[in-house]
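Below: one structure, written as structure tokens.
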Amino acid sequence: MNKILLQCDNLCKRYQEGSVQTDVLHNVSFSVGEGEMMAIVGSSGSGKSTLLHLLGGLDTPTSGDVIFNGQPMSKLSSAAKAELRNQKLGFIYQFHHLLPDFTALENVAMPLLIGKKKPAEINSCALEMLKAVGLEHRANHRPSELSGGERQRVAIARALVNNPRLVLADEPTGNLDARNADSIFQLLGELNRLQGTAFLVVTHDLQLAKRMSRQLEMRDGRLTAELSLMGAE
């Protein structure tokens, strides 16, 4: 078994508005190994996106903890969490969230700029990542000049440019047609093999989830089962 990279210990999340309490996550526990490709499957409102926010240190659990590479996130300062997100984690969303006034190359380079890399390294690494997703010829195009599939590929390149150990993906193909969705998942698998990057994908789509090596099901804020989807149609 691969070394554990990320571990969730009894994560709970409760939101309170006035006298109204809403429990979104209930004692969620699981782990992700180094280089593992995992899917969490659930319908809209099951708590998947909230879980990803906690895993990425974008929100704080009501109770429980997230442990990344042996380090509890509850012990990290806000600055340390930001550094972790920049250096060790990648994020892919259903919507690409590219900066509209910047080129594909500049969008991919943004995490490197934030990480204060050297200018020459920034350009070469960003261009190499665009090449890895098959878009080096679109480096100087803005998002409005790219197709939906191309924009999502740029977003994936941006998520991977710092060579993160884990990528958290929230419905990464939700806005794509079947052909582009298939292409994106082939790309994730290739990057996993070449770079050893671990992927945790949340989705409602069983056809996409079965491409991962492991699948968990989430219902009403609880992990309810480990699925076996290899033969799913």
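Yeah, the Cβs are placed from backbone N, Cα and C, and that goes for glycine too.
Annotation comment: Swiss-Prot describes GLY42, SER43, SER44, GLY45, SER46, GLY47, LYS48, SER49 as ATP binding site, evidence class sequence analysis. Secondary structure from DSSP puts SER49 (ATP binding site) in a helix. Sequence-distant neighbours of SER49 (ATP binding site): residues of the same chain at least 6 apart with a C-beta under 8 Å from its C-beta are ASP170, VAL202.
Feature annotation from Swiss-Prot assigns domain 'ABC transporter' to 6-233.
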Excluding GLY42, SER43, SER44, GLY45, SER46, GLY47, LYS48, SER49 themselves, the ATP site's Cβ centre has within 8 Å the residues VAL202, HIS204, MET218
Mean pLDDT across the domain 'ABC transporter' (6-233) comes out at 85
Excluding its own, the Cβ atoms lying within 10 Å of the Cβ of SER44 (ATP binding site) add up to 8
